[in-house]
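Taken verbatim from Swiss-Prot:
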BINDING   D46, D114  Mg(2+) binding site
SITE      Y84  site 'Interaction with target DNA'
Amino acid sequence: MGVSIRALHPWAVDAAEGRRLQQTLREQLCLKTPRGFRPRLVAGVDAGVVDGGRTIRAAVVVMSLPDLAVVTQSVARAPAIMPYVPGLLSFRELPGVVRALEQLDVTPELLLCDGQGIAHPRRLGIAAHLGLITDLPAIGVGKSRLVGTYREPRPEKGATSGLYDGHERIGTVLRSRDHVRPLYVSPGHRISHEDAVHWVLTCCTRYRLPEPQRAADRLASAKEAPA
């Protein structure tokens, strides 16, 4: 079954073309949650580099809601056709992520991505980009801030503070566990700011990261796992 991918552009682009594509693609983003949205399958998505930076290793872990039981998982490799360029991570990592998504035997209804959604200088972080090419609701869950200013949220789990670039809200700083560093949550595509926070918290249990993303992170970096 897998996930259907829309071929919106080639992946082999230089930095200038990548930035131009981001400016164009951002116009297609939707920050509204579909009416009656109640996902039953949520996927955590993560990717890293192996082979001295020559290969992208991507992992997707699909869990059921609300019990967060693992339904299936997928690992894939793809050549790193673009070097690391700040702000253009999606062009480097998504070819591997696409392969992993296409290998799934189920179709997730929500994607949680390690990285940014619209909390990005050109409003097209990896979660926004992935949401567009899959046409699935997608949320960026960043471990660190890429852009924007905010006030530190209170120390208890569930505390939030708006993340702003000037007067524009680009995300939410979320305390996902008591007295831990916050997460930087931003809508990617087909999800609102409020619902992005809701579903991230729904997927958080004992740890800082939401369970699907935490599982994908471990799978993407596990050298002993098949790929």
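Backbone N, Cα and C atoms are what each Cβ position is placed from, and that goes for glycine too.
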Reduced DSSP assignment, D114 (Mg(2+) binding site): strand
Neighbour tally for D114 (Mg(2+) binding site), based on other Cβ positions within 10 Å of its Cβ: 24
